[in-house]
Amino acid sequence: MASQEQLLAIKGAKVLMVGAGGIGCELLKTLALSGFQDIHIIDMDTIEVSNLNRQFLFRQSHVGQSKAKVARDAVLRFRSNISITPYHVNVKDSRFNVEFFKEFDVVLNGLDNLDARRHVNRLCLAADVPLVESGTTGFLGQVTVHLKGKTECYECQPKPAPKTYPVCTITSTPSKFVHCVVWAKDLLFAKLFGDKNQENDLNVRSSDAANSLEHSEDVFECRKDEDIEQYGRRIYDHVFGHNIKMALSNEETWKNLNKPRPIYSKDVLPEKLTKENGDMEKGCTTDDISAMASLGLKNPQDLWSLAENSRVFLEALRLFFLKRVKEIGNLTFDKDDQLAVEFVTAAANIRASSFGIPSHSLFEAKGIAGNIVHAVATTNAVIAGLIVIEAIKVLIKDSNNYRMTYCLEHPSKKLLLMPVEPYEPNKSCYVCSETPLSLEVNIHSSKLRDFVEKIVKAKLGMNFPLIMQGASILYEVGEDLEEDMVAIYAANLEKALSELPSPVTSGTVLTVEDLQQEFSCSINIKHREEFDEEKEPDGMLLSGWVEAPVDKDNNKPIRNSESTSNALPAEEILDGEKDVEIQEIPEGTETVTGKKRKLSEVSEGTSTNHSGLSDENRSHNQLEKLDVDDEDDELIISDDWESLTKKKRL
């Protein structure tokens, strides 16, 4: 039973929820049933069919409607006496500024991407409003509490960039199925159906291209004298036959690698394809167009043969040109686009067959292509409950009992929920501690536009940046700027850093601000002539993390992200953004009571260790931290998909 203090805090609280998806639906329901009276929800998304298996406030009839609005209506049916205010708009909208955030007693996040999380984190810091962050991935989940000056902020630990693969591996020497999926999605699909002017590595030309008309022209352009089937077969033969044959001509590449085999359509399919029992010829919507349906293939978990993959490839290409020709040239891959998923699956499997890599089902390929670890509704419900528990602690200012809680797939010491005391703020965090960053860049070749796009927006997550050198403004974004200033800043974007009106040199300190987030940081510029194109594709390197302090007792570095508990179990960890520290405990290790790290500005004395876990004898077998994301199952891709789909007993 809730205490009188808790009930009063709940009824008087004004709560902001950001995200109305997998966690958001469960969270809104739990808040309403817990007695919260004033709830505001921000979510820019609309409901999709793929949401219905776990976002239980939504029904088939709601597809295409606002998540925030439909969630509100659904909850008001069983809690009509409370106030729920929905906002069907991006949380980055200018109306959601610091003053807006100051209206709330606590902010609860159920977001699906790093950029939005960073934005909300900065607004909460500027408004001095507590933030409860969360996420789920399959059976794994987490809830963390962030209070300005008392616990680390969401950005106190660096978030690694999404997993990428060297272009040469993708185009020439794939060794894993994920390499084939990336090739099919980011190269082949983009080349055939995306922006025709975009540079692409697929147009491999033979050494005697001048004497070969077929391979000196753009083979991806449909010729006037060929029908769709002829065009499809020619594309098939080029990417799976000719390109592989040309790759084999470089014998040095294959000295220590298994050689791929060229695959041509005539070797796999009859000269004239016959239609299978399908139902695609009559009028249908974009969502209904399916190569599988056209070919009579029904189970997405079946493994297709090479011939079946080849048929799906050609049929999907045919349907794009017959049924969706107006979209060609503007398409990007979407995991909810059935025809796109079918095309990418078939293309990836054919390429995998060529390189001797095991094929995968459409279900598995979709998970890889969409960066998906399939969601579990129960995990979302558990995490939503934990969010509310922490929110109540925040409202009654029970700071000694704040906990970051991790939901595990398999029990450790008979526990599935692992609570850990929050970490102190990272003194080297450029967001909450205002530690300067440093940027290595070629000031003569890199333009201000490169700095804005690759660093200020992509790395620092700023939306309305203001860039200054001393008192000189180099760039600014805003609706109230005069036209002549807009023209000046636009011209500055195209200038090299060393050629700006206030030239940037090695040793220059740039101040970068986001007025909406009320966030500012300093960047020390260091000139560097050359960069490794493979390892440093941006042509610049941003850094700002100081070496971890040393634990004098153990003579080893203390990572700010280290848990005060050593009883978290080893798990199979995904590459990607990281939020959970998981450690392995050797068999037979006894848990003992020891020192705990204390939060700044928290009452002195030792608080109760609710985790019941040891704070000493940390295992050296540490694994990387896990980042778990809510909403549409999205997660940064792992390069070992097979290991993630197999259960592992600890």
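Just so you know, glycine gets a Cβ as well, placed from its N, Cα and C.
Database features, via TrEMBL:
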DOMAIN    4-429  domain 'THIF-type NAD/FAD binding fold'
BINDING   19-24, ASP43, 51-54, LYS67, 112-117  ATP binding site
BINDING   CYS153, CYS156, CYS429, CYS432  Zn(2+) binding site
ACT_SITE  CYS168  active site, glycyl thioester intermediate
DOMAIN    326-366  domain 'Ubiquitin-activating enzyme SCCH'
DOMAIN    439-531  domain 'Ubiquitin/SUMO-activating enzyme ubiquitin-like'
REGION    586-633  region 'Disordered'
COMPBIAS  603-612  compositional bias 'Polar residues'
COMPBIAS  613-626  compositional bias 'Basic and acidic residues'
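Look at the domain 'Ubiquitin-activating enzyme SCCH' (326-366): DSSP puts its residues at 24 helix, 0 strand, 17 coil. Non-local neighbours of the domain 'Ubiquitin-activating enzyme SCCH' (326-366) in the same chain are 48-50, 174-177, 180-181, 183-186, 188-190, 192-196, 236, 239-240, 244, 258, 260-263, 286-287, 289-292, 300-304, 306, 309-310, 312-313, 316-317, 319-320, 372, 632, 641, 645; each lies 6+ residues outside the stretch with a CB under 8 Å from one of its CB atoms. Note on the domain 'Ubiquitin/SUMO-activating enzyme ubiquitin-like' (439-531): DSSP counts are 24 helix, 30 strand, 39 coil. A separation of roughly 24 Å, to the nearest angstrom, links the Cα atoms of GLY22 (ATP binding site) and CYS153 (Zn(2+) binding site). Cβ neighbours of ASN53 (ATP binding site) (same chain, under 8 Å, six or more residues apart in sequence): ALA377.
Fewest other C-beta atoms within 10 angstroms, among the binding-site residues ASP43, ASP112, ASP115, are seen around ASP115. Of GLY19, ASP43, ASP112, ASP115, all annotated as binding-site residues, the residue with the shortest Cα distance to CYS432 (Zn(2+) binding site) is ASP115. Residues LEU125, GLU152, TYR154, GLU155, PRO425, ASN426, VAL431, SER433 surround the recorded Zn(2+) site, their Cβ atoms falling within 8 Å of the Cβ centroid of CYS153, CYS156, CYS429, CYS432, which are themselves excluded.
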